[in-house]
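Working notes, beginning with the structure itself.
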Ligand code: HEM
Ligand SMILES: [Cu+2]
């Protein structure tokens, strides 16, 4: 990700890769986010709600 | 590019045999190619089986025909859901992952043997599931809600299938690493690969949720666990059931971009914007799983609203962006190709006779207008009560997974046959009509099921006339019967389109004209710049009058339909 490009295309020097592009270029960071966000907001929160439903007598 | 077969003189890493594709200039890893073939063929076989079952279901729900007896109806409905939504779609998706990693990145596949293991597990799982369902003791339908219990073979089959799929997803991620380390590409991956990464990430969450719920359920079916809480089951099951639909969306959006690139030489309007739209999917799409639980009293309003309103709208925004940028990219490419007259020459002069293009464009339009709009309606907590558990729900998702995903995968297959199997389409005329037959059929069943659902017809019901019920509590209007009949007719059309697809694809693979000669030409040609599909780069224009008009029509339809449903809802309140 952080590695600098080997060769600049003819004519123009390549700029530094923008932050957001570095994020998007890192599939494992995306994998982490894509699993954690739903795991916390949907699954864990959801399971806590189910667990807190009082048990009928 | 002259040599057809070559062996990679890799940089001392691993040598893998590959060939150069004469049509696209892409480097094709042989192991990946074989795996793509096998997954695609397997997918098509399950589509044939599941499609036939779908026709059986639709003809049963046509009151004048009612072809299956009740016990068979629910059994066949269960088999239909599993064969098409799990096996057809996911086998095909694995082929998409191998294509988007090894082939688009010009890399070797990371671990072909492991990928084969994944395939075998998936196949064993799929066959075992059919065995369990056809035995007759696993008629639990797609959602398999507890405390309804299937045979333990059923749950085990799904676990085995999911483990296999997870293994193949891991091979995909490993291939990304290999390609990066062996420098097979420069800079960022192409957008189509990025879409596949999105699909793969969602697949990991999907399969993890599946494992969390199916393993205890399997133990329960074996008698090792005494009880599974039904609400707990629903919450975790939908983490799998809904998210797996989002694998489909990501995969078919990636395919839209791929076909636009290969057939028209299209480039994304903006790599940045399209990638941000995929990022919205990664972060938010899976949360919408909660829309399946909007009617559950055990879940709090905050949980429902955070997951289905705030977050889901961000994901819907992602789809809206693709809905603008895919036709936009097509318009921009066509204008470059010389079709510049008026607002719509780019569209009227598009290759409508090429089934890859027509299938892709029909998929795009129907996914947006039918599947997309109805999905937002169903996902709105207040409106959901109007249609909850009616036929509107299958109507909606046939708009997404049949008219959308399935049609897009079929369109892609018309390219896979010549490019991967290297056999040309044997009956071009049939192929040309196939997307229209299937597309109109699929659009029809979606709309008529939605229509019947709006009139209150329940889903998963053998007989809406309730002929042998003791008390006929409801009487459906004649219009509902009409809808069910029309649904049956369009189901026949869709089944015909499916049959033409399967027969033509199989015949082409077995006996189509060979395309490996030096001057062979494809009957449905690619664009000269088809290689675009493997490159990074934006079109960078927004001078797209046609697309702007189309998007305007879409928004108008969306807003109108949304408010019509609020109007319906307000009528139920009967204040006077
Ligand atoms: C020839 C094409 C098809 C026809 C005629 C068809 C028709 C139907 C009908 C009539 C139902 C039953 C609705 C009900 O009674 O509740 C149904 C259910 C379903 N269909 Fe299809 N379908 C077709 C293709 C597909 C495809 C390609 C997919 C997936 C990619 C799919 C996924 C499903 C699912 C998941 C269900 C729900 C099963 C359940 O409720 O357990 N269908 N289909
Ligand atoms: Cu859903």
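Backbone N, Cα and C atoms are what each Cβ position is placed from, and that goes for glycine too.
Taken from TrEMBL as is:
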type	residues	note
DOMAIN	B:39-516	domain 'Cytochrome oxidase subunit I profile'
TRANSMEM	B:40-64	transmembrane segment
TRANSMEM	B:114-133	transmembrane segment
TRANSMEM	B:153-179	transmembrane segment
TRANSMEM	B:191-215	transmembrane segment
TRANSMEM	B:247-266	transmembrane segment
TRANSMEM	B:278-295	transmembrane segment
TRANSMEM	B:310-333	transmembrane segment
TRANSMEM	B:354-377	transmembrane segment
TRANSMEM	B:397-421	transmembrane segment
TRANSMEM	B:433-452	transmembrane segment
TRANSMEM	B:489-512	transmembrane segment
TRANSMEM	B:544-564	transmembrane segment
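When Cβ-Cβ distances under 8 Å to the transmembrane segment (B:191-215) are tallied for each of B:153-179, B:247-266, B:278-295, B:489-512, the top count falls to B:247-266.
Only sequence-distant pairs (6 or more apart) were considered; of these, at least three Cβ pairs between the transmembrane segment (B:310-333) and the transmembrane segment (B:544-564) are under 8 A, so the stretches are in contact. In the predicted model, the domain 'Cytochrome oxidase subunit I profile' (B:39-516) shows an average pLDDT of 95. It is B:489-512 that, among the stretches B:354-377, B:489-512, B:544-564, forms the most Cβ pairs under 8 Å with the transmembrane segment (B:40-64).
Long-range neighbours of the transmembrane segment (B:489-512) within the same chain, counting only residues 6 or more positions beyond its ends whose Cβ lies under 8 Å from a Cβ of the stretch, are 41, 44, 47-48, 51-52, 54-55, 58-59, 402, 410, 413, 417, 421, 423-427, 430-431, 433-445, 448.
For the transmembrane segment (B:354-377), same-chain residues at least 6 beyond its ends with a Cβ under 8 Å from one of its own Cβ atoms are 252, 255-256, 259-260, 262-264, 316, 319, 323, 326-327, 330, 383, 387, 392, 395-397, 399-401, 403-405, 407-408, 410-412, 414-415, 431-432, 434-436, 438-439, 442-443, 446-447, 450, 524, 554, 557-558, 561-562, 565.
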